[in-house]
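Undergrad: Got these off Swiss-Prot a minute ago, pasting:
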BINDING   46, 53, 54, 55, 99, 102, 107  ATP binding site
BINDING   199, 213  Mg(2+) binding site
BINDING   264, 320, 321, 322  substrate binding site
DOMAIN    9-244  domain 'ATP-grasp'
């Protein structure tokens, strides 16, 4: 689960990270009332969306006067930002964060991330902040330092010392970086986050270290034990289909194609999307019904897929624990109830798959039962293209 910058800073602040004072506005009228809570001077006006690259897209501006701040808020609110991390349609701005200006002496980058490749928490630090860290790592790898923290022992001061070693920082700067690294590690572990990023981390002219921008991604599987974190979810930042899927325990991600996918298992779902593209089609979604899907889950999955206006649907089920005949019955009943009026191709493999295929063939609903995934993908792409 992603959160807005102002929410991420609220979490960081609760763990002792210094952040500039700021207020959130959802209308221009709120500016007059809330701007007084900030110190006089420059104000950073920041569009709040769940995507990076806001600055280059015009989503971060500096206001010098109240009138200028109000004008910037008016421009941003309800506008659509398109960045390298959004879809081509962009994301609508429903909130704007107003933040006190900071006297910046130096900018850095620091993050903590669950690194599955090493089975550790990786702390990443760079003396170049406020820029895309992937670009820095690619073009100037000597400017990025990484340490791996064993969760059995946790973060230690020597980890922080190692982060700073190559950058020639003074004792006070090293102390500031080590302190920040320790805090973000604690945030990551105690909130079940998968990533905590501060970019840039600013060193002020007085030597104080603070978070100028922040991003936190939380593991959805840990939200049950972090109810206060779960409350931070902003429904406006998610597609309606994604929210509906979550209610029914389905994993759904909306995409830009026109072929709906219903699959059991994340790996199989990704392989299904890949093979659709291989045959020249475009998947409309990632939808994992899970290993224990029943007829109700299949019915809800069909409803969600059809909300997107797809031109065809590919169902790819491997029956391990699940029985393919039960899934076939669910597909048939759902098709009758909902009225699926687009081409539907089903590939069943595993437990009772022969029975399942026969049920589909005998249903009289025009459902195409494919023998394997290659055949299924080629069938659905061809059918969709023929209907254009």
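Including glycine, each Cβ sits where the backbone N, Cα and C put it.
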Undergrad: Would you find the one among the binding-site residues 102, 321, 322 whose Cβ has the most company, meaning other Cβ atoms within 10 Å?
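TA: Buried the deepest by this measure is 322.
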Undergrad: Which whole number is the mean pLDDT over the domain 'ATP-grasp' (9-244)?
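TA: Averaged over the domain 'ATP-grasp' (9-244), the predicted model reaches a pLDDT of 92.
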Undergrad: Closest of the binding-site residues to residue 321 (substrate binding site), Cα to Cα, picking from 46, 102, 213?
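TA: That would be 213, the closest of 46, 102, 213 to residue 321 (substrate binding site).
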Undergrad: Between residue 199 (Mg(2+) binding site) and residue 322 (substrate binding site), how many Å separate their Cα atoms?
TA: 45
Undergrad: Enumerate same-chain residues with a sequence separation of six or more from residue 107 (ATP binding site) and a Cβ-Cβ distance below 8 A; give 'none' if the list is empty.
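TA: The answer is 128, 129, 130, 200, 201, 202, 203, 212.
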Undergrad: Going by C-alpha distance, which of the binding-site residues 53, 55, 102 is nearest to residue 322 (substrate binding site)?
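TA: Answer for the nearest of the binding-site residues: 53.
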Undergrad: Under DSSP, is residue 53 (ATP binding site) helix, strand or coil?
TA: coil
Undergrad: Would you count the other CB atoms within 10 A of the CB of residue 320 (substrate binding site), including those on all shown protein chains?
TA: 12
Undergrad: Look up residue 213 (Mg(2+) binding site) in the DSSP assignment and reduce it to helix, strand or coil.
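TA: In three-state terms, residue 213 (Mg(2+) binding site) counts as coil.
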Undergrad: Let me check the 10 A CB neighbour count of residue 46 (ATP binding site). How many other CB atoms are there?
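TA: Residue 46 (ATP binding site) is surrounded by 25 other Cβ atoms within 10 Å.
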